[in-house]
Amino acid sequence: MPDPLPLVFDAPRRALPPRHFADLADTERAAAVADLGLPAFRGKQLANQYFGRLISDPSQMTDLPAGVRDQVGAALFPELLEAAREIECDRGETRKVLWRAVDKTTFESVLMRYPDRNTVCISSQAGCGMACPFCATGQGGLKRNLSTAEILEQVRFASAELRDREGGRLSNIVFMGMGEPLANYNRVVAAVRRITASSPHGFGISARSVTVSTVGLAPAIRKLADEKLNVTLAVSLHTPDDELRDTLVPVNNRWKVDEVLDAARYYADLTGRRVSIEYALIRDVNDQPWRADLLGRKLHATLGPLVHVNLIPLNPTPGSEWDASPKPVEREFVRRVRAKGVSCTVRDTRGREIAAACGQLAAQG
């Protein structure tokens with residue numbers, strides 16, 4: 001077991017990225033356009049270009065006069081991110097992008113194509129302060145929070161890439177990249193509102209197709225429920241007992257398993273949405289039959305039918321001595337959880353060979 005890192009809830013104070021059109025709510029966009037001396041309909045045009053046509057470069061917004069393009073480009077569409085590197089695997093069906101921000105901060109997103117859907121896994125922070133010892137992101141520490149626009153640019157880029165390369169459409173968004181989304185709460189919630197708002201106010205993606213993941217910040221889970229966004233909540237539990245979880249998921253020293261599950265139940269009750277429980281299966285660490293039994297009992301008692309367990313075969317990370325559980329152990333774990341009346345499946349792992357799978361993102365390069 002590596003030496004534990006400290007938990008970091010508050011990101012280091014760094015200069016904010018320049019204000020971008022995507023940072024602004026509808027009323028703020030209207031005010032920003034008015035401040036430029038432009039008529040209100042220009043704001044709607046800009047929103048349609050960004051969220052509808054997926055254009056972030058004003059020089060390509062051909063329904064605007066050249067002078068207006070220059071004006072809004074300088075004031076509302078600064079260059080935020082550079083795609084510093086893109087790599088593929090899974091026969092081109094998985095693509096990881098290394099993003100470099102204007103302050104040289106780096107983070108990653110992953111686009112995954114499936115026969116029935118296209119999913120982008122996006123980051124909410126550069127790095128992560130939750131210090132989970134089996135996760136490369138957590139072991140790298142927290143650099144800073146991402147702005148709302150930096151989060152949304154990952155979505156816009158993936159949507160445009162799918163459309164332009166193959167005429168496809170982005171169908172699912174998961175906040176499972178770098179960072180703890182609920183530790184960057186306000187910007188993540190603002191991003192979700194833009195993602196789910198209908199065009200031209202947002203990207204028009206169904207809330208049911210958006211997943212927000214957390215290691216278990218119980219008060220923030222309850223707060224998210226009160227937002228009534230109706231996105232899917234995913235809780236990275238990884239073990240049902242406090243003794244092991246205190247080490248595997250250090251935030252458990254602040255909010256214990258039962259408190260996290262109670263918050264998840266509150267979320268399920270308010271939204272009517274089934275909660276996803278993420279469980280990275282680690283050989284001889286958290287894969288024992290009794291832990292499968294305890295997991296099934298606790299989830300059935302707390303969440304009833306409003307829960308599903310996603311088992312994740314542990315993905316390798318640099319310097320780690322841990323590895324995934326053998327397939328027979330994995331199958332027995334699934335059987336035991338299901339025997340307690342809880343839905344349980346094994347996640348299809350993508351991107352392992354390019355360090356794009358769950359727990360592997362480290363923004364190196």
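The backbone N, Cα and C atoms fix where each Cβ goes, glycine too.
Pulled from Swiss-Prot, these are the features on record:
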| type | residues | note |
| --- | --- | --- |
| ACT_SITE | Glu108 | active site, proton acceptor |
| ACT_SITE | Cys358 | active site, S-methylcysteine intermediate |
| BINDING | Cys128, Cys132, Cys135 | [4Fe-4S] cluster binding site |
| BINDING | Gly179, Glu180, Ser213, Ser236, Leu237, His238, Asn315 | S-adenosyl-L-methionine binding site |
| DISULFID | Cys121-Cys358 | disulfide bond |
| DOMAIN | 114-352 | domain 'Radical SAM core' |
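Projection of Swiss-Prot feature records onto the structure.
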{"residue": "Cys128", "record": "[4Fe-4S] cluster binding site", "Cβ contacts under 8 Å, 6 or more apart": "Cys135, Thr137, Gly138, Gly140, Gly141, Leu142, Met178, Gly179, Glu180"}
{"residue": "Ser213", "record": "S-adenosyl-L-methionine binding site", "Cβ contacts under 8 Å, 6 or more apart": "Val174, Phe175, Met176, Pro181, Ala234, Val235, Ser236, Glu278"}
{"residue": "His238", "record": "S-adenosyl-L-methionine binding site", "Cβ contacts under 8 Å, 6 or more apart": "Cys132, Arg245, Leu248, Val249, Glu278, Tyr279, Ala280, Asn286"}
Close in space, distant in sequence - Leu237 (S-adenosyl-L-methionine binding site), Cβ under 8 Å, 6 or more apart:
Gly216, Arg245, Val249, Val257, Val260, Ile277, Glu278, Tyr279, Leu295
With every protein chain in view, how many other Cβ atoms are within 10 Å of the Cβ of Glu108 (active site, proton acceptor)?
26
Where does Cys121 (disulfide bond) sit in the DSSP three-state scheme?
strand
Secondary structure of the residue listed as 'active site, proton acceptor' (DSSP, helix/strand/coil):
strand
Integer Å distance between the CA atoms belonging to Cys121 (disulfide bond) and the residue listed as 'active site, proton acceptor':
9
Just jot down the residues in the same chain as Cys121 (disulfide bond), at least 6 apart in sequence, with C-beta under 8 A of its C-beta; none if empty.
Ser109, Val110, Leu111, Met112, Val174, Met176, Gly177
Hey, what's the Cβ neighbour count for Gly179 (S-adenosyl-L-methionine binding site) at 10 Å?
31
If you count other Cβ atoms within 10 Å of each one's Cβ, which of the binding-site residues Ser236, Asn315 has the most?
Ser236
